[in-house]
Amino acid sequence: MNTQTDMTGSNEFKLNQAPEDGISAVKFSPNTSQFLLVSSWDSSVRLYDVPANTMRLKYQHAGPVLDCAFYDPTHAWSGGLDHQLKMHDLNTDGDTVVGSHDAPIRCVEYCPEVNVIVTGSWDQTVKLWDPRTPCNAGTFSQPDKVYTLSVSGDRLIVGTAGRRVLVWDLRNMGYVQQRRESSLKYQTRCIRAFPNKQGYVLSSIEGRVAVEYLDPSLEVQKKKYAFKCHRLKENNIEQIYPVNAVSFHNLHNTFATGGSDGFVNIWDPFNKKRLCQFHRYPTSIASLAFSNDGSTLAIAASYMYEMDDIDHPEDAIYIRQVTDAETKPK
């Protein structure tokens with residue numbers, strides 16, 4: 001397996017048959033680190049067998065795919081610029097178009113506690129889908145284009161354009177539980193909920209991350225904070241990079257961030273410190289995913305056209321075995 005290591009050491013390798021264009025999302029199967037789902041601007045969704053380093057299957061959309069999610073080990077859901085939400089049976093390799101949005105679908109997540117698929121779109125709505133039928137189970141207006149969303153137990157945290165954050169209760173979508181403004185000054189790039197369900201992490205295009213808490217009480221809100229990251233001093237000038245990706249370690253509640261500087265950092269939010277930084281990757285980190293057991297981190301290094309169409313390294317997915325020393329609060 002380590003023949004693919006190329007400069008990365010024995011705890012990391014590169015996946016074969018990577019997508020042919022930008023990588024939009026990497027997601028591990030809910031109960032194993034064996035399978036990884038990857039969506040891409042090449043209009044494909046790919047399923048990889050990670051330990052074997054092989055692509056198991058690939059299915060197509062009519063346009064670039066912006067996000068994907070596992071519903072269960074044998075069903076993938078995905079959406080993108082073709083506005084269509086697809087469910088794909090990974091056993092039979094069969095497609096179902098479940099429904100659509102009026103604009104590109106930016107986010108696809110599964111909520112196990114309520115058993116719904118959630119999609120967020122640039123059409124300024126969130127839609128819920130019943131995966132059993134499968135069919136639409138409701139459409140809910142948001143204040144602006146949906147850029148990111150994350151499921152926390154039975155709650156849904158939505159980040160939109162205009163730096164807005166909304167907290168919804170997936171069991172009762174009749175009204176918004178909380179309306180917030182991002183505590184960061186610049187556009188929201190990614191929101192991910194803490195596995196312990198107490199809060200979320202929000203990253204922006206301007207090299208910053210905020211750690212936020214859901215409980216609105218003053219006592220709890222005092223604990224929130226933000227910090228700078230993914231900034232590099234070059235010739236005495238500070239270069240500031242977008243923080244594109246956040247992924248939580250399910251057991252430790254620590255999290256990884258990936259930026260357009262090509263670095264991945266792991267943070268301890270409780271002691272407010274960085275636990276480690278990996279080597280620099282060849283280009284921007286577009287997406288990150290810890291496996292459910294926290295043993296493995298998938299890292300998508302994929303140019304995000306921050307500087308328009310310049311020559312850039314080919315898109316790649318690195319699979320890294322992580323240790324407690326790198327991920328456990330100290």
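Every residue, even glycine, has its Cβ placed from backbone N, Cα and C.
Among the features that Swiss-Prot reports, repeat 'WD 1' is placed at 8-49. Same-chain residues lying 6+ beyond the ends of the repeat 'WD 1' (8-49) with a Cβ under 8 Å from its Cβ atoms: 1-2, 55-70, 72-73, 76, 78, 80, 88, 90, 110, 112, 279, 286-293, 295-296, 298-300, 302-305, 314-323.
If you look up Swiss-Prot, you'll see 52-89 marked as repeat 'WD 2'. Within the chain, the repeat 'WD 2' (52-89) has long-range Cβ neighbours (under 8 A, six or more residues past its boundaries) at 1, 4, 13, 15-17, 21-22, 24-25, 27-32, 35, 37-46, 95-110, 117, 119, 121, 127, 129, 131, 134.
Look at Swiss-Prot and you will find 91-130 tagged as repeat 'WD 3'. Outside the repeat 'WD 3' (91-130), and at least 6 residues removed from its termini, the chain residues within Cβ reach (under 8 Å) are 30, 57, 59, 66-71, 74, 77-85, 136-151, 153-154, 156, 158, 160, 168, 170-171, 173.
A Cβ distance under 8 Å defines the sequence-distant neighbours of the repeat 'WD 4' (133-169), meaning residues of its chain 6+ beyond its ends; these are 87, 96, 98-99, 103, 106-107, 109-111, 113-114, 116-118, 120-127, 176-182, 184-194, 197, 200, 202, 212, 214. Sequence annotations record features per position, and here Swiss-Prot assigns repeat 'WD 4' to 133-169.
Look at Swiss-Prot and you will find 220-268 tagged as repeat 'WD 5'. Helix first, then strand, then coil: DSSP counts for the repeat 'WD 5' (220-268) stand at 2 helix, 28 strand, 19 coil.
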